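Annotated in TrEMBL:
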- A:6-26: transmembrane segment (TRANSMEM)
- A:93-121: transmembrane segment (TRANSMEM)
- A:141-163: transmembrane segment (TRANSMEM)
- A:175-200: transmembrane segment (TRANSMEM)
- A:212-232: transmembrane segment (TRANSMEM)
- A:239-258: transmembrane segment (TRANSMEM)
- A:276-551: domain 'Cytochrome oxidase subunit I profile' (DOMAIN)
- A:278-298: transmembrane segment (TRANSMEM)
- A:310-327: transmembrane segment (TRANSMEM)
- A:339-361: transmembrane segment (TRANSMEM)
- A:382-399: transmembrane segment (TRANSMEM)
- A:457-477: transmembrane segment (TRANSMEM)
- A:505-526: transmembrane segment (TRANSMEM)
Amino acid sequence: MDSAVMSLLGAFLLSIIGLFVFIWSMRKGLLMENPRAASVIFAQGEIGKVDDPALHAGHRAQLQAAAAEPGDTLHPPDAQEISQRIEADRSSAFPVFMFVAFACLWLVLGSVAGLTASLKLHMPDWLVSEAWMTFGRIRTVHLTAVLYGWITNASLGVIVWLLPRLLRTPLMGAMWVMLGGALINVAIASGIGAIGAGWTDGMEYLEMPWQIGLFIVAGMVCIIGPVLYTLVNRKVESLYVTVWYHVAALLWITLLFLVAKLPGVHYGVQQATMNWWYGHNVLGLWFTPVSVGAIYYFLPKVIARPVRSYNLSILGFWTLAFFYAQVGGHHLVGGPVPGWLVTLSIVQSMMMIIPVAAFSINMAGTMRGRMRLALRSPTLRFMMFGGLMYMLSSVQGSFEALRSINQITHFTHFTVAHAHLGAYGFVTMVLFGAIYFMMPRVLNWEWPYPRLITLQFWLAAVGILIYFVGLSIGGWLQGEYMLDAARPFMDSVAVTLPWLKSRSLGGALMVASQIVFVGHFLAMALRFGPARTGAALFRAGAHTLEVAHGK
Amino acid sequence: MENEVKLTAGAMVTLGLATAALVVLPYIQVRDVPAPEGLKPYTSAELRGRAVYIANGCVYCHTQQPRDKSFGPDAERGWGRATVPGDYTYDRPHLLGSMRTGPDLMNIGVRQPSRDWHLGHLYQPRAYVPGSIMPAYPYLFDIKDKAEPGEEALKLPPGYAPAGKVVVATPDAQDLVKYLQALNRSYPVLPPEPRDAAGAAAPAATPASAS
């Protein structure tokens, strides 16, 4: 049968099935608002009580005062639920510390490699004497270190910390999680070594040789086991939306990686489509759900108000799962692949507007009238910045998939700018915020120099904005010059040079922010700085509040 | 109980759909595409050169997929006709690329057949293309007082050879150049199937798509 007919038929069948699922979900009452499910992240009586362990007591009282709303009644939170949470935190503390520590290590290495690669693009004769220093390898070391080393480790840390909390159950099989983390980091270290030495599978995002990739799969399996076991043995009745995002993401990334790394199966053009199926889904089905899930937890938690619409968040989850998974083919617009595949991916790219809108409307509703709290809470600031960048980068990505725009931006630095907006502006900022929230609970120690958090935020935010704006302009011009046959190709190189330099400037600010962050983390882990003991939330009496309600 | 089953089952279904669309269907479609007549398998030297290309990440700046006229002036720039799936039959891994910091290389062997040019360009790109931002690859070359028997000194433009020395290509550089020279997809391929009955002149050329 003609492939176009086949894909049309497939789309038709899917729509019919989708319609039935929709009718069924209406009958089951799934579209009724469910405020109880949205409040499950709070202990009884805890709504209205702000929470940001990255602040010290005085500032937390200010945040509480700013967040107080008419009608708040302040009971002390249910002691039993709080003790469950303390127990959950304790059970995951060691694995989480391990993941975050590894993440910090790779973050520094990866961002230094990234800045080096960026400089090399306008200083092509700099550091060329050794093979491992060449652009093609340093760039790949950067990508592997930040994607697998930083984002994946930090994401695992966030997942392993949040799930026991959300399930009100201690993490079961923490030793297996540690073993899994060790395997994954062995693979990352060996993968980076292999790439430096020139041993690579040669596909973007999948450079790590498959022999090393096996360790990643084994490590992920070691982590999924305990996570699912904890999930099945949970004490909480309803699953909060973050659990949906995080558990699904763990399963997705493992299968994605496994299928993509199967040796001897993929070749030629089919391998290219597989490559982009993986390359896009690692963003869409791993980084995005982890970060979106984290925002759905931390943002309401800090401001002490449940998320506006629980059902909208679940709708966002399923539409993300369905549409994002099929987006990858748009990277091959105009390429030697079947036309139906590219069309399918472009359509799904546009459909991505639905989950993004669901998320954005929900967050705007939740934050309405409370934006000012970002002035006081670092966690909130990172989360809001990340959420905003999620909306921007996703909408940008949807339009970038359209043929008319893709024609200009494809094969240019514009795509690189877009990727960094997603991976840094959105994902990395959310992870920073999550770590600032988690670590005081994990280490029973407060952040020693809260001002560094503010400094880091501004370095990172200004850095990524310079990077993104400059490189987007440069990439767009590059694309237009390339499409103009009257101009020699070299014009498209020359026009990008000033913008490549601005990218290095933005990148340098980002590296500086990373160094501040990791330095602060080290100071905390080594118990430097002003001595403060006790995890922020649990200090006796800290929360029997002085704030008068109804003020 | 219902919740986690719904969660895992739903997550697997969505991923399964995507995998079917983006991995399995293209696999089935491309599996039986025969290599075009003009395409030869890579020789072992070319394969070694291809490995050098991969190891040094050339793919991050160079695509190997000239696009159709309706998509850009690739053909006008002399980069060749739009490629078809059969052109990549022997490519493992694929090197389609996603970035054109430098030009497309699919037909670089046709545009630039000169071995001397390629070797010299790898040693110092700016000796041949002013303003190029391609890295130099000095580690693919040896600098010696004089070439030994069987070796050949690079013919570099004046001013680019180190004073009083000669530059000799390592085997890696020679293989890489052989691979670049082999990048040639200029043989004809069948035009896409005609959409109407106007092209009924070639009854023998119907591809076997009986299913």
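Note: Cβ is positioned from N, Cα and C throughout, glycine not excepted.
Counted over residue pairs separated by six or more positions, the transmembrane segment (A:141-163) shares at least 3 Cβ pairs under 8 angstroms with the transmembrane segment (A:212-232), which defines the two as touching.
For the transmembrane segment (A:382-399), the residues of the chain that approach it from at least six positions outside its boundaries are 288, 291-292, 294-295, 298-299, 302, 327, 349-350, 352-353, 356, 359-360, 363, 367, 371, 374, 405, 418, 421-422, 425-427, 429-430, 432-434, 436, 457, 461, 464, judged by C-beta separation under 8 angstroms. Here the transmembrane segment (A:93-121) has Cβ contacts under 8 Å with residues 127, 133, 135, 138-139, 141-146, 148-151, 153-154, 156-157, 160-161, 171, 174, 177-178, 181, 185, 188, 192, 431, 435, 438-439, 441-443, 500, 503-504, 507-508, 510-511, 514-515, 517-518, 521-522, 525 of the same chain, all six or more residues outside its ends.
Residues 30-35, 37-38, 241, 244-245, 248, 280-281, 284-285, 288-289, 292, 296, 344-345, 348-349, 351-352, 354-355, 358-359, 361-362, 397, 401 of the same chain sit 6 or more residues outside the transmembrane segment (A:310-327) yet have a Cβ under 8 Å from a Cβ within it. Counting same-chain residues at least six beyond the ends of the transmembrane segment (A:505-526), those with a Cβ under 8 angstroms from any Cβ of the stretch are 97, 100-101, 104, 107-108, 111-112, 114-115, 118, 424, 432, 435, 439, 443, 445-449, 452-453, 455-457, 459-460, 462-468, 470-471. Same-chain neighbours of the transmembrane segment (A:278-298): 41, 147, 151-152, 155, 158-159, 162, 166, 204-206, 240-246, 248-249, 252-253, 256-257, 259-260, 307, 313, 316-317, 320-321, 324-325, 327-328, 330-331, 359, 363, 379-380, 383, 386-387, 390, 419, 422-423, 426-427, 430-431, 433-434, 437, counting only residues six or more beyond its ends whose CB sits under 8 Å from a CB of the stretch.
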